[in-house]
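S.K.: Following this message is one structure expressed as structure tokens.
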Amino acid sequence: MSYTASPCQELVEPCAVHAEGMAQEESHRSQAPPTFYHGASQELDLSTKVYKRESGSPYSVLADSKMSKPHLHETEEQPYFREPRAVSDVHTVKEDRENSDDTEEEEEVSYKREQIIVEVNLNNQTLNVSKGEKGVSSQSKETPVLKTSSEEEEEETEEDATDNSSDYGENGRQKKKEKQVEKVRVTQRRTRRAASVAAATTSPTPRTTRGRRKSAELPKRKKRAAKEPKAPVQKAKCDEKETLTCEKCPRVFNTRWYLEKHMNVTHRRMQICDKCGKKFVLESELSLHQQTDCEKNIQCVSCNKSFKKLWSLHEHIKIVHGYAEKKFACEICEKKFYTMAHVRKHMVAHTKDMPFTCETCGKSFKRSMSLKVHSLQHSGEKPFRCENCDERFQYKYQLRSHMSIHIGHKQFMCQWCGKDFNMKQYFDEHMKTHTGEKPFICEICGKSFTSRPNMKRHRRTHTGEKPYPCDVCGQRFRFSNMLKAHKEKCFRVTSPVNVPPAVQIPLASAPAAPAPAVANTPTSPAPAVSMNPVGSALPSRPVPHPFSHLHIHTHPHHSHHLPIPPVPHLPPPPALFKSEPLNHRSQSEDTFLRHLAEKNSPAQAQHH
């Protein structure tokens with residue numbers, strides 16, 4: 001019997017071990033929700049479930065066929081419809097579970113290992129699922145109901161971190177296991193708290209407790225919904241970014257980067273006036289602008305001429321006060337100017353169009369300014385006023401020449417010789433005499449000149465043109481100075497001498513002597529003629545002389561013109577005739593007077 005008992009003993013031991021393992025798996029798979037609150041240290045009664053004895057001998061074993069497929073019978077269980085335990089039973093189970101921490105940790109580890117297969121539901125809720133198809137425990141279904149939104153977000157972030165991790169080595173697995181164990185502990189603690197609260201406040205039916213739990217969840221979900229209006233806040237922030245305004249100018253930018261770029265380029269390099277907002281590159285320009293109070297005209301320091309813009313002052317200083325050069329030339333006549341704007345104005349002179357017409361006289365002009373100056377002749381307006389003496393002038397150059405009276409010298413003065421000029425044109429021509437510059441060349445002989453008028457004057461020597469006629473004799477001259485000299489000579493011969501309107505002509509008697517022969521030359525003076533044969537003088541009577549230039553003299557040695565003082569406050573009258581006919585007419589007048597004297601002499605003799 002001993003020989004037969006030993007092999008039977010060897011057969012029983014592995015079966016018992018296998019039965020214990022099967023029983024543990026069965027306990028894990030077939031754990032109903034109420035058994036979750038029992039102590040994990042309870043021993044399994046395998047005498048009734050695993051095997052049974054047929055006889056009194058301890059080695060007779062009969063294996064139960066139902067142990068092979070325990071999970072097929074567990075599917076019929078419905079954990080949600082079992083009767084709930086009393087409150088006292090829950091407290092006792094809780095105390096038993098606290099006393100058995102070691103066994104609970106082992107079960108949690110094994111239980112969590114089975115959950116690695118499925119962790120997230122379609123609703124993004126964490127589920128504690130076993131290996132079987134319907135092995136979902138009641139705890140796992142109740143736990144997500146009691147979770148808050150913040151805790152769910154934490155778990156989701158942890159799950160995302162675990163899903164995105166690409167380290168599938170041993171270290172990664174260990175970390176996953178540790179995290180899963182922590183999750184299980186957290187969920188168990190939450191279920192304990194929920195069970196204690198539900199047992200104290202709920203009715204015996206589980207459905208009502210569930211309904212209350214769902215009603216308790218609603219404010220939590222509302223809290224989460226309250227967090228959703230983050231989008232309008234972000235939109236408001238975007239709006240704030242879109243309305244970034246510059247502090248120094250009214251420009252608006254979408255991003256801060258563009259605003260900083262605008263500040264660096266515009267405001268940190270440019271100088272801006274605080275009053276009117278004008279920009280200046282240099283601080284000196286800004287200070288000059290502020291001295292004019294942003295509205296007054298900018299004046300030149302040298303000549304007190306006012307300008308509206310600063311660049312106009314710069315151009316004026318270059319051109320007028322003598323450190324600029326004429327670099328821009330006309331393509332047609334090669335005339336040079338200081339600026340290109342002056343060249344454009346000059347190009348109008350080469351066109352034939354004259355669109356500006358005077359309404360009064362019908363004269364046409366090429367420029368509007370020329371028409372405006374011309375219209376002053378008809379209106380008699382004098383728009384240019386002297387600020388010192390309030391005298392007004394019709395043209396601007398007249399005012400400039402007048403200002404030399406107040407200044408003490410003319411506006412443009414040569415620094416080399418001290419000669420001053422009223423016109424800039426004359427000043428420029430004079431300055432070329434010092435520099436030796438002669439840019440104007442005659443096309444015929446190649447001679448050069450300092451100014452264009454001088455070249456035109458020289459060209460008349462080649463063309464024979466004589467544009468200056470004499471008003472008295474009609475003779476024409478090539479130059480104006482020649483006409484001036486001719487007028488002085490011509491008027492010296494024909495210049496009248498003023499006499500009183502009534503001239504007394506005494507006809508005195510002369511001694512009886514043979515009268516000298518009258519010269520036939522027109523310039524010889526006529527001798528005195530005795531009008532009375534008796535020798536008595538005729539009574540004096542006023543005779544209005546029709547010719548103011550004719551005088552009769554009694555003495556033969558007197559010259560033709562007597563030094564008669566002119567009449568004060570009266571201008572000399574113009575000459576009526578030329579010199580030669582006047583002398584011939586003088587002879588005819590002498591004969592006419594003699595004839596009158598002869599007629600009157602017999603009547604006077606009879607009277608006496």
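Backbone N, Cα and C define each Cβ position, glycine as well.
The phosphoserine feature in Swiss-Prot is assigned to Ser57, Ser100, Ser196, Ser203. Annotation comment: Swiss-Prot describes 71-97 as compositional bias 'Basic and acidic residues'. Annotation comment: Swiss-Prot describes 194-208 as compositional bias 'Low complexity'. What Swiss-Prot lists as zinc finger is 244-267, 271-293, 298-321, 328-350, 356-378, 384-406, 412-434, 440-462, 468-491, and the listing cites sequence analysis. Annotated compositional bias 'Pro residues' per Swiss-Prot: 563-575, in sequence order.
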S.K.: Can you work out the mean pLDDT of the predicted model over the zinc finger (384-406)?
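M.R.: Summing pLDDT over the zinc finger (384-406) and dividing by its length gives 81.
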S.K.: Counting each residue once, how many in the zinc finger (440-462) are helix, strand and coil under DSSP?
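M.R.: Each residue of the zinc finger (440-462) counted once, the result is 11 helix, 4 strand, 8 coil.
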S.K.: Counting across all protein chains present, how many other Cβ atoms fall within 10 Å of the Cβ of Ser196 (phosphoserine)?
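M.R.: I get 14 for this one.
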S.K.: Which secondary structure state does DSSP assign to Ser196 (phosphoserine), in the simple three-class scheme?
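M.R.: SS state of Ser196 (phosphoserine) = helix.
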S.K.: Counting by DSSP secondary structure, give me helix, strand and coil numbers for the zinc finger (384-406).
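M.R.: Within the zinc finger (384-406) the tally stands at 11 helix, 4 strand, 8 coil.
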